[in-house]
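> According to TrEMBL, the protein carries these features:
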REGION    1-28  region 'Disordered'
COMPBIAS  7-24  compositional bias 'Low complexity'
DOMAIN    28-142  domain 'Thiamine pyrophosphate enzyme N-terminal TPP-binding'
DOMAIN    230-347  domain 'Thiamine pyrophosphate enzyme central'
DOMAIN    440-475  domain 'Thiamine pyrophosphate enzyme TPP-binding'
BINDING   ASP471  Mg(2+) binding site
Amino acid sequence: MDTAIGSIPAATDAAPPAPSSSAPKEATLGRHLARRLAEVGARDVFTVPGDFNLTLLDELEAETGSTGVRLVGCCNELNAAYAADGYARARGGGVGACAVTFTVGGLSAINAVAGAFSENLPVVCIVGGPNSNDYGSNRILHHTIGLPDFTQELRCFQTVTCYQAVVNNLEDAHEQIDTAISTAIRESKPVYISISCNLPSIPHPTFSRHPVPFFLSPRLSNQMNLEAAVEAAAAFLNKAVKPVLVGGPKMRVSKACKAFVELADACGYPVAVMPSAKGLVPEHHSRFIGTYWGAVSTPFCAEIVESADAYLFAGPIFNDYSSVGYSLLLKKEKAIIVQPERVVIGHGPAFGCVLMKDFLHALATRLKKNTAAYENYRRIYVPPGEPLSSEPGEPLRVNILFKHIQAMLSGNSAIIAETGDSWFNCQKLKLPEGCGYEFQMQYGSIGWSVGATLGYAQAAKDKRVIACIGDGSFQCQQCCDGDRTPSSF
């Protein structure tokens, strides 16, 4: 009989169901979870061992080969979840995963999970939970706040995840795990999975050696609304004299980056990005004019955007950061706002059930070529000057440092910009074709980039990852030892 962790076995403790003779030894809960994670691309799981998840980690590691996962040990749970965030980013919004222990580990990781929620990243946070025999026993367990209530961690995660699964019996474990992972993918948000510590190594018939592959029904636009939205947007933009395009951060979750570039190629408008969308639009595009960030925009970018008589924002987030304290000189009646599933033109009309990718793709075929705004940009543009060279023995200046970082960049590089000064300095970098760029503008948790750099590097093994982190943020976190050594400044 399994012994409950942190509690004294009682005569009334019921043993978990005996393994079925029809279930092979590799058809365990833990190995099924490993196969599911591998299937959705989360081949590295960032972990911190604890006594509630030790058996689970053993089972995850036991699944080897093409259906298995690799455990990457981290020094604390917050960094493990930050690493899962970075891993998901490197995979273009794919799944990242971390595995921690009950409550003391989960509540340490929750800050990073909240950040992933704000950035629309499908992070799977797996927690080794209490022994299934302890539920309803009125026992007090260690690693908790000292109450015989095992729901504190769950209640905390309910506000920062889109699905929560508490697996404390084998009968519905398969369904709960599959539902959690598929929901993370469908919603592009984190999920929480708690697995009782005595269950991961037990075989069950539902955990077949070759589980049926995931199939998620694709989301579809309402065709009538799509056609109406495209017609209204085309009429709005085609009558404008100097329209512009601005990309926003929600293009990633909408899988609409290619459609946005297709639209830019077709219409001839100048193309800018919001600061949190840097890296989502190729900066080598012939009409790319930089970052639109109000008073701190790329030189000459704000003048073109704010003087336009029509602007299309694809996937914007107008928060106090991105709007520079809500000081943007934009007028709603001039704007088309395209969100992941909704299009709003001026003060109205609005069209729901319209996918951004479908809308941008269809709009590209309906717009007249108009390069007026870009020609205005070319007339006022003055190339940036080079920073003065440093003399030997002179203190290193930030602009000289970033001049050297700029020279290091290539299509095989990726920049991770920490919250704070690095936001502003990294925005000035010109990204070569294929160069990755990530930062956490919505949540802005200092220290995020340290763990995220590890996770990004694990997923993007073909890239040299360069992390720009201030001293204070760097001291907030300690990165775990992996097989990658990213550069940091």
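Cβ atoms here come from the backbone N, Cα and C positions, even for glycine.
Curation plays no part in TrEMBL annotations; they are all automatic predictions.
Tell me what's around each of these sites.
The DSSP breakdown of the domain 'Thiamine pyrophosphate enzyme N-terminal TPP-binding' (28-142), given as helix, strand and coil counts, is 53 helix, 22 strand, 40 coil.
Taking Cβ pairs closer than 8 Å, the domain 'Thiamine pyrophosphate enzyme TPP-binding' (440-475) reaches residues 44, 46, 72, 74, 78-91, 94, 96, 111-112, 114-115, 118-119, 249, 275-276, 317, 319, 321-322, 405, 408-410, 412-423, 425-426, 482, 484, 486-489 in its own chain, all 6 or more past its ends.
Less than 8 angstroms from the CB of ASP471 (Mg(2+) binding site) sits no same-chain residue that is six or more residues away.
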> Using DSSP, tally how many residues of the domain 'Thiamine pyrophosphate enzyme central' (230-347) sit in helix, strand and coil.
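Computed counts for the domain 'Thiamine pyrophosphate enzyme central' (230-347) are 38 helix, 26 strand, 54 coil.
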